[in-house]
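Participant: Just passing along the structure, written as structure tokens.
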Amino acid sequence: QLTPSSFLRIGQLSNVDLNEDIHELETEVPRQRPNEIPHNEKLLSLKYESLDYDNSENQLFLEEERRINHAAFRTVEIKRWVICAMIGILTGLVACFIDIVVENLAGLKYRVVKDNIDKFTAKGGLSFSLLLWATLNASVVMVGSMIVAFIEPVAAGSGIPQIKCYLNGVKIPHVVRLKTLVIKVCGVILSVVGGLAVGKEGPMIHSGSVIAAGISQGRSTSLKRDFKIFEYFRRDTEKRDFVSAGAAAGVSAAFGAPVGGVLFSLEEGASFWNQFLTWRIFFASMISTFTLNSVLSVYHGNAWDLSSPGLINFGRFDSEKMGYTIQEIPIFIFMGVVGGILGALFNALNYWLTMFRIRYIHRPCLQVVEAMLVAAVTATVGFVMIYCSRDCQPIQGSSVAYPLQLFCADGEYNSMATAFFNTPEKSVVNLFHDPPGSYNPMTLGMFTLMYFFLACWTYGLTVSAGVFIPSLLIGAAWGRLFGISLSYLTKGSIWADPGKYALMGAAAQLGGIVRMTLSLTVIMMEATGNVTYGFPIMLVLMTAKIVGDYFVEGLYDMHIQLQSVPFLHWEAPVTSHSLTAREVMSTPVTCLRRIERVGTVVDILSDTSSNHNGFPVVESNPDTTQVAGLRGLILRSQLIVLLKHKIFVERTNLNLVQRRLKLKDFRDAYPRFPPIQSIHVSQDERECMIDLSEFMNPSPYTVPQEASLPRVFKLFRALGLRHLVVVDNRNEVVGMVTRKDLARYRLGKEGLEELSLAQT
């Protein structure tokens with residue numbers, strides 16, 4: 001049913017990331033923007049590049065590898081371990097910084113508002129308190145949103161989808177920059193202090209990845225500093241492995257869950273994995289948790305007592321009091337179903353909201369206004385709920401940080417305030433551990449309803465913030481409600497402890513939203529310090545994932561799709577065996593000869609309409625009648641380095657010895673290769689010849705044009721390729737398969753659908 005003519009032959013339009021020059025181009029474009037940007041999720045964007053996960057085995061590379069003896073190899077291995085330790089330490093320190101600053105600033109804000117409320121409760125005029133709270137929130141969030149919207153938009157959100165794409169092999173501009181890290185950390189502090197329904201756990205994963213990418217390169221391109229260390233790791237393959245270690249260290253700093261971090265990196269992040277990597281990543285995660293633990297222990301004044309392993313500590317669940325019985329397992333499964341349905345609802349609402357945002361709220365100033373609006377609304381909702389709640393609990397024996405009295409009798413506090421008038425992390429712990437009877441069912445029901453919509457509205461704002469904690473909080477609230485109603489039904493039987501159901505509800509809700517199974521089970525087990533709940537948590541998460549997947553995809557996958565990223569999943573679409581490489585590939589291919597005129601190379605690289613990134617090299621004796629067979633593949637970045645160093649000779653003396661380039665010259669230009677426009681080639685130099693034979697990769701991967709799509713896909717995906725040359729039976733180049741050509745095919749509701757490609 002798919003004819004080759006119906007295929008849009010736009011593939012292969014890869015764009016180079018001209019970091020330095022994009023800014024200059026942006027300023028020249030006149031600033032009129034449309035009010036509505038038409039956005040279609042059935043598009044694949046062409047602004048995303050692939051990363052070169054496949055090493056180019058040219059003569060330079062092979063010579064260097066042959067020179068490395070056993071001792072040198074051992075040094076490289078030791079360097080890898082050192083880098084992993086440094087990643088762990090720095091990620092832990094960043095997490096400490098975020099935690100301490102948030103604790104102090106949020107404490108200050110809540111104290112000010114609490115004093116104000118106490119003052120005005122006595123003499124009337126509580127609307128002033130509401131104004132104060134809303135203004136404080138909105139102004140803090142305004143700063144946090146402005147730095148993200150105007151300085152580094154990549155730092156918005158939790159950053160997990162972006163890291164997932166990076167590890168899959170997509171180059172998302174600016175995603176692992178130092179600037180992104182600074183904005184991310186400041187932004188997450190401001191948005192949590194600003195009282196939004198967000199957590200500071202998700203962004204830790206992005207921060208860890210940026211730290212890892214920075215350290216492993218031994219230099220900072222943003223600061224223009226080169227420390228001349230770790231030069232061996234300046235290529236995409238090595239950088240990728242360290243970034244997956246950074247993501248794991250981020251998770252383990254956030255939840256105090258080193259094993260969970262490794263599994264998270266395996267399940268959500270890394271698309272490529274090996275055993276050595278697992279052990280190094282586990283090492284980085286352990287170091288990160290330990291660093292956080294020791295620094296926070298010193299900060300809290302008990303230096304020898306390592307009691308705070310993660311940013312969020314769910315507190316210990318006692319296994320004696322809190323076992324579970326066989327007859328509770330159906331109840332847990334039912335909770336999983338509820339979590340899956342609610343999670344699917346959350347994702348569907350967020351999907352429509354994000355589509356609306358992409359279409360209408362695309363100007364930075366509008367984005368800041370929206371973030372301030374959400375902050376003010378969050379404060380107002382919280383205030384109104386606390387004001388209308390008549391749920392009073394005795395103060396003594398309770399561990400409330402900021403007890404609000406309002407209209408309660410002396411010695412009592414408002415229990416709605418423990419949920420709203422607190423950072424979300426503290427509220428989660430309260431819902432898990434407060435003794436039975438601390439909450440009125442009405443309070444919990446209203447809270448769940450309100451917080452569900454607030455969290456859904458908040459995710460996708462232009463602030464850096466995670467969705468982990470809000471979803472745990474929603475789940476803990478309805479789980480506790482569920483537990484209370486169970487104990488009503490069973491006349492207060494001992495096994496219906498609300499705290500246990502709060503934990504299961506939290507797991508179900510988070511699983512229904514982000515659809516992680518393995519890593520989430522382990523993270524919940526490690527964060528609660530209790531292995532007995534492993535099985536029920538696993539059951540809950542599995543049912544939540546199965547039920548949720550029946551309706552919509554997970555939140556992160558959905559956002560990847562909304563940004564039109566050419567993301568390659570593990571397998572090709574199931575029904576794609578009918579397609580062959582001939583129908584998928586892009587043609588015609590721009591080839592270079594082995595000894596090519598410099599002018600030709602410059603013209604090909606400067607051609608903006610094609611903008612290819614890899615060029616097959618063919619045999620270059622035009623006089624004979626033999627076929628121009630494929631001899632190798634050379635990348636745009638390599639050609640640019642050759643032109644920059646002027647590695648070419650005049651026509652007449654072709655056998656002259658040129659100045660030798662080292663692999664170091666290529667590594668020094670990585671990762672921001674200069675654009676072709678910045679390289680000046682004079683008219684005489686255009687007539688020179690350039691010999692590509694020692695720089696091209698002489699053994700590129702090729703497929704015959706009859707190969708089926710799943711076979712091409714497997715080869716491309718498993719080896720992390722960027723270009724796959726399609727040849728005919730005479731070894732002539734007939735086409736080229738790139739990431740966009742494979743990511744175009746997706747299983748839709750009606751079967752296999754093909755996405756069109758767009759320049760945006």
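Glycine too: its Cβ is placed from the backbone N, Cα and C atoms.
In TrEMBL, annotation is done automatically, which means it is predicted and not curated.
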Participant: Looking at 242-265, 362-385, I want to know which stretch TrEMBL calls transmembrane segment.
Facilitator: 242-265
Participant: In the domain 'CBS' (696-754), how many residues does DSSP call helix, how many strand, and how many coil?
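Facilitator: Taking each residue of the domain 'CBS' (696-754) in turn, the totals are 16 helix, 22 strand, 21 coil.
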Participant: Could you give the residue numbers and ranges of same-chain residues that sit at least 6 residues beyond the transmembrane segment (442-461) on either side and whose C-beta is under 8 angstroms from one of its C-beta atoms?
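Facilitator: Beyond its ends, the transmembrane segment (442-461) has Cβ neighbours at 145, 156-157, 196-198, 342, 346, 349-350, 353-354, 357, 367, 370-371, 374, 377-378, 381, 385, 389, 391, 415-416, 419-420, 467, 470-471, 473-474, 477-478, 480-481, 484, 555, 559.
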Participant: Against which stretches of its own chain does the transmembrane segment (242-265) lie, if we need a Cβ under 8 Å and a gap of at least six residues from its ends?
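Facilitator: Same-chain contacts beyond the flanks: 83-84, 87-88, 91-92, 94-95, 163, 166-167, 176, 200-202, 204-213, 215-216, 233, 277-278, 280-282, 284-289, 291-293, 308-313, 468, 516, 518-520, 522-523, 525-527.
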Participant: Averaged over the whole of the domain 'CBS' (696-754), what is the pLDDT?
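Facilitator: On average, pLDDT over the domain 'CBS' (696-754) sits at 88.
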Participant: State the residues, same chain only, that lie 6 or more residues beyond the ends of the transmembrane segment (81-102) and have a CB under 8 A from a CB inside it; answer 'none' if no residue qualifies.
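Facilitator: Distal contacts: 181, 185, 188-189, 192-193, 200, 204, 207-208, 211-212, 215-216, 230, 233, 242, 245-246, 249-250, 253-254, 280-281, 283-292, 295-296, 299, 311, 423.
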Participant: What same-chain residues lie close to the transmembrane segment (501-525): Cβ under 8 Å, and 6 or more beyond its ends?
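Facilitator: The answer is 251, 255, 257, 259-261, 263-264, 266-268, 314, 317, 332, 335-336, 338-344, 346-347, 428, 431-432, 467-468, 471-480, 482-483, 486, 531, 533-534, 536-538, 540-545, 547-549, 553-557.
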Participant: Give me the stretch from 181-199, 277-299, 329-353, 467-489 with the greatest number of Cβ pairs under 8 Å to the transmembrane segment (531-552).
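Facilitator: Result: 329-353.
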